[in-house]
Ligand code: SAH
Ligand code: SF4
Ligand code: F3S
């Protein structure tokens with residue numbers, strides 16, 4: 001192996017959502033541009049960066065735990081640089097708290113200036129003085145940053161940054177700034193280059209991809225972007241996340257229906273099935289509107305899968321409101337759902353609402369909800385047995401001779417095989433189903 005052991009090593013740990021994953025890929029690219037190489041264990045690194053999430057307290061607690069562990073490492077290796085960035089660090093009070101409580105963290109920066117990473121590291125190495133560099137507001141989009149992507153098969157492509165929706169429970173708009181869309185030409189260039197590198201799938205990222213283009217000078221929208229990307233040779237699948245149900249237009253459904261590469265999977269976070277709670281959440285739609293949207297999707301794309309995010313225990317949620325959410329689940333019959341207990345985020349409007357639901361009640365409701373959804377997920381998956389699907393082999397299941405593949409509807413299918421299959425498409429028949437995955441048998445390999 002041609003390994004230069006004099007090279008400085010980096011270790012990057014990512015918490016939170018796909019936007020953070022994508023930011024970490026950029027940071028990895030920047031670090032490798034500086035001559036750093038990746039290592040699998042934090043213990044072997046010369047620089048460790050934690051890219052953090054603050055969407056719920058549990059996410060933050062994980063980071064605080066890690067900060068504590070790293071203190072020991074720093075005391076053994078005084079030259080080690082430990083940096084914290086991302087959504088937690090973007091909040092002024094939290095950044096200050098990290099500086100106060102964890103002096104072994106010498107580099108703190110936010111979500112808006114990751115492109116400055118090389119300068120920040122050089123400054124830190126030269127001056128050996130802790131550096132806190134959190135921008136108050138977003139700057140303009142920086143294009144052409146390098147990236148070291150995790151997968152060779154599927155890639156995340158950011159199409160916009162920030163969020164203007166201010167759902168009353170959510171911290172994201174405060175830590176990611178206002179909506180900014182990338183130019184179509186820049187996105188097309190990136191996706192073409194991914195196709196040339198052999199990528200088969202792209203997932204377009206934004207907090208609300210349906211707002212794409214609203215801030216651009218030309219008149220364009222997300223549906224137009226999908227149509228353009230659908231024409232790029234080599235890319236076989238296009239996914240996107242996340243869509244706000246309020247902004248999901250008929251035009252967009254029509255474009256998805258006729259765009260061969262855009263997958264038939266709709267992640268439509270509903271959050272609650274109660275109109276009064278939806279109003280207090282500032283979601284901008286009613287359950288009746290949501291049912292119509294689901295009906296339109298199902299009539300135009302009958303085999304589409306639909307998934308969602310749900311919050312239980314939002315302030316003021318009564319037993320009846322919760323029952324309305326259960327009823328919505330029963331009517332929509334999601335393929336799967338991410339379920340969350342409402343968690344107060346300081347600075348958001350919901351945090352100061354007076355009618356907070358007691359923890360005990362929230363826990364009871366989430367258990368009920370998860371149980372119900374698991375039953376539906378299993379029933380939906382059982383319907384898949386005997387059906388045929390085209391799947392993309394994406395990776396190996398840990399410690400097992402199983403290949404992880406996905407249907408266009410985003411269901412996980414396990415196949416017998418080895419790592420040579422990764423990156424190929426197969427036609428499979430589903431032979432068994434559980435609540436979380438399907439087992440498949442290969443019928444033939446698709447065009448690769
Ligand atoms: N932009 C995306 C995702 C935002 S965060 C969207 O709008 O769907 C992912 C999910 O976390 C949200 O959909 C919501 O269900 C959940 N979430 C956000 N803030 C929360 C909070 N304070 N407590 C509990 N769950 C929360
Ligand atoms: Fe948060 Fe709402 Fe924006 Fe999603 S749309 S990131 S839930 S404020
Ligand atoms: Fe977390 Fe920030 Fe994403 S708060 S969910 S990492 S945008």
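Cβ coordinates are placed from backbone N, Cα and C, and glycine is handled just like the others.
Curation does not apply to TrEMBL; its annotations are automatic.
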Which of these, 53, 163, does TrEMBL say binds [4Fe-4S] cluster 1 at the same site as 17, 87? 53
Among the residue ranges 113-133, 134-154, 155-175, 176-196, I'd like the one that TrEMBL describes as transmembrane segment. 155-175
What average pLDDT does the predicted model assign to the domain 'MTTase N-terminal' (8-126)? 96
What binding-site residues in 163, 167, 170 place CB under 6 Å from ligand 3? none
Using a Cβ cut-off of under 8 Å, list the residues of the same chain at least 6 residues beyond the transmembrane segment (155-175) that approach it. 18-19, 21-22, 25, 54-55, 87, 90-91, 110-111, 138, 141, 149, 181-182, 187, 190-191, 194, 199, 201-209, 211-212, 222, 225, 240, 244, 271, 280-284, 311, 314, 342, 345, 347-350, 353
Could you tally the C-beta atoms, other than its own, that fall within 10 angstroms of the C-beta of residue 167 ([4Fe-4S] cluster 2 binding site)? 21
Which of 17, 53, 163, 170, all binding-site residues, has a Cβ with the fewest other Cβ atoms inside 10 Å: 17
